[in-house]
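Asker: Per TrEMBL, the features are:
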type     : residues  : note
DOMAIN   : 1-200     : domain 'Peptidase S1'
DISULFID : C216-C234 : disulfide bond
Amino acid sequence: CNRSTREAYWTARFGILRRGNVFASPYEQIRRITHVVVHKDYVDKGFINDIALLRLNEPINYSKHVRPVCRPTEAEDVSKWHRQLCTTVGWGKLFEHGRIFPDTLQEVKLPVISTEECRKRTLFLPLYKITDNMFCAGYDRGGRDACLGDSGGPLMCQKRNGKWFLLGVTSNGDGCGRAGRPGVYTKVAKYMDWIDNVINGELEPELSRSCDGLRCPLGRCLRKEHICNGVMDCRDASDEQN
C-alpha cells in the first residue's frame, strides 16, 4: 500500500496504546513522514521483498515509554528461534470475518517457524511461496495470529539479556488464525545491507509539505473526502467544523 500513497498524507505516532483521537496519550510524539522507500525489487504477487523504510522529518526523543527495538544480525538466524515464542503487535482486525478493529494496541505471542519448516508445511497450499527471505509464525491449531491491518508491524523476540530485537515484519497469510495456515513474515536480517544503504545513501529530495485536503493541528493531512464526513479525524474536531 505504500507504493501508491503520497507521503503528504502520512504521519507517525509514537508512545501510544490507543489509536483513537479522543484519549490523548501524554507520552505521544508525532512526526511527519518525508520519504517512503519501498524495496526496489518488491513484487506484489507473492509479497517478494515486502519491506519499506519511512524517514521522519525529525528524530524521536527516547524515554521509558518510547524506545527502539534492536536491529537483527546474521547471528539471529531464524532457524535458531524455531518454536520459540516471539511477540507481534498491531491494531489489525480481531477476527478474520467482520470489520472489528480494536482501539487499543493488541499483542500476541507466536511460535516461530523456520523457513525450511514453513516450506514443508505449506508446500501444497497455493497462497504460499516461501522464499529464503521469509519465515512463518503461528500455532498448528490456529486460533492466534496477526490479521488484516497488522501488516508492516514487528515480530519481536527477547534475548536472555532482556533486550528485544526485530526478527521479522508482518507480511501476509491465508486468512487469520486458521489451523495449518501460519502467518508469513519478512526476514529482516536478510535486508540489513539494504537498510544501511538507504540510511547512508542519498534519497530523493524531500517532497512538498502541501496538503490537498485539511491539515490537523498535530500535522496529519486529511483527504478532501474525510472533511465534514461525520467522523472526527482531528482531535479538535476541526475537520467537522464548517
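Keep in mind that glycine also has a Cβ here, set from the backbone N, Cα and C atoms.
All TrEMBL annotations are machine predictions without curation.
Provide an account of the burial state, proximal residues and distances for the features listed.
Answerer: DSSP assigns C216 (disulfide bond) to coil in the three-state reduction, outside any helix or strand.
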Asker: What is the Cβ neighbour count of C234 (disulfide bond) at a 10 Å cut-off, with all protein chains included?
Answerer: 19
Asker: Per-residue pLDDT averaged over the domain 'Peptidase S1' (1-200) comes to what?
Answerer: 91
Asker: Within 10 Å of the Cβ of C216 (disulfide bond), how many other Cβ atoms are there?
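Answerer: The answer is 20 other Cβ atoms.
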